[in-house]
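Q: I'd like to ask you about the structure that follows.
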Amino acid sequence: MDAALRETLKQMPKAELHMHIEGSLEPELIFALAERNQVKLNYASVEELRRAYAFTDLQSFLDIYYAGASVLLKEQDFYDMTWAYLQHAREDNVKHAEIFFDPQTHTDRGVPFGTAINGIHRALKDARAEWGMSSAIIMCFLRHLSEEAALETLEQSMPYRDKIIGVGLDSSERGHPPEKFARVFARCKELGLRLVAHAGEEGPPEYIRTALDLLKVERIDHGVRCLEDPALTQRLARDKVPLTVCPLSNIKLRVFDKVGDHNLVKLLDAGLTVTVNSDDPAYFGGYVNENFVQMFDALPLDKNHAYRLARNSFAASFLDAQAKQKFLDEVDAFFEQ
Ligand code: ADE
Ligand code: ZN
């Protein structure tokens with residue numbers, strides 16, 4: 001890739017719509033928080049922990065990701081984690097971030113819901129005040145747990161309703177189909193929450209269809225396996241259902257063998273509203289710009305694709321129409337230069 005395209009990818013205004021804040025915990029911060037909170041880790045050093053980041057599938061990652069999150073106990077820990085992510089996002093010219101968090105990963109360890117969300121929210125507020133960065137919080141239900149547990153989590157979130165824009169569904173996909181969470185998503189919709197779900201990452205295309213039909217989600221997180229089902233692909237294109245694709249995640253979790261095998265170009269060629277995101281940047285080898293650079297290096301992608309991906313990121317966001325237009329105009333102005 002030429003230097004100009006690389007600069008364009010880095011400098012272009014963008015939104016990030018698929019990033020788990022617990023997945024932004026770098027090994028150095030995990031160790032610092034473990035020491036601060038007197039939490040014992042099963043790894044002797046930062047290097048040993050990093051060496052364990054050799055994943056064979058989604059579950060092998062999730063086991064380490066939940067262990068890493070065990071160092072988060074105090075509101076300040078959640079603040080520090082979020083602030084560290086926001087600094088990376090700012091460097092990558094992320095103008096708007098919709099951040100996932102997994103409340104059950106914390107409440108199941110006895111950390112109150114409010115401790116987690118207040119720490120995350122305070123960091124987002126500071127980034128808005130200091131840099132004008134726009135953001136929102138999406139809470140995800142863990143799909144390996146029961147729907148009753150998700151309903152209980154929704155109940156716990158009610159005092160913080162004003163801090164939450166929507167809900168998602170993450171964790172182990174296979175064997176935990178969307179329909180398991182139909183009631184809780186219906187309740188969330190009644191409450192006016194925006195709806196997304198991970199589907200078609202490791203799970204079959206059918207999970208994308210049921211996420212749309214039974215959960216009524218507005219975006220699909222990942223969704224890369226949709227191409228196995230041409231009718232579904234056509235539907236996603238026709239209805240402009242955004243896919244929040246996370247290329248480096250897909251490589252690290254062996255959805256594709258190598259960067260050059262990723263189906264990003266095929267997704268774009270199918271007319272899908274694709275966005276590029278980092279998923280769990282501390283675990284998968286880079287923040288959002290690294291995802292752009294590695295994909296554009298390996299695949300036949302050009303400046304027109306960059307423009308489309310930057311526009312999609314804001315178009316697919318949960319910003320109100322006016323804010324969305326302001327950012328889309330910024331993207332247009334950037335690419336006109
Ligand atoms: N939680 C964090 N990252 C995830 C992913 N890529 N898929 C499912 N659950 C997750
Ligand atoms: Zn994810």
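Glycine residues also receive a Cβ, built from the backbone N, Cα and C atoms like all the rest.
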Q: Which of these, His88, His96, His198, does TrEMBL list as part of the Zn(2+) site with His18, His20, Asp279?
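A: Answer per TrEMBL: His198.
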Q: In sequence order, which same-chain residues at least six apart have a C-beta under 8 angstroms from His198 (Zn(2+) binding site)?
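A: Residues satisfying the criterion: Arg143, Gly168, Leu169, Asp170, Glu173, Asp221, His222.
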Q: Please work out which residue of Glu201, Asp279, Asp280 has the most C-beta neighbours within 10 angstroms of its C-beta, and give that one of the recorded positions.
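A: Going through Glu201, Asp279, Asp280 one by one, the largest Cβ count within 10 Å is at Asp279.
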Q: As a check: which entries in Glu201, Asp279, Asp280, the recorded positions, place their Cβ less than 6 Å from an atom of ligand 2?
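A: Among the recorded positions listed, those whose Cβ sits under 6 Å from ligand 2 are Asp279.
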Q: For a Cβ distance below 6 Å to any atom of ligand 1, name the recorded positions from His18, His222, Asp279 that qualify, or say none.
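A: Close enough to ligand 1 are Asp279.
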Q: Reduced to three states, what secondary structure does DSSP give Glu201 (active site, proton donor)?
A: coil
Q: Near the Cβ of His20 (Zn(2+) binding site), how many other Cβ atoms are there if near means within 10 Å?
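A: Within a 10 Å radius of the Cβ of His20 (Zn(2+) binding site) lie 28 other Cβ atoms.
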Q: Distance check, please: Cα of His18 (Zn(2+) binding site) against Cα of Asp280 (substrate binding site), rounded to an integer number of angstrom.
A: 9
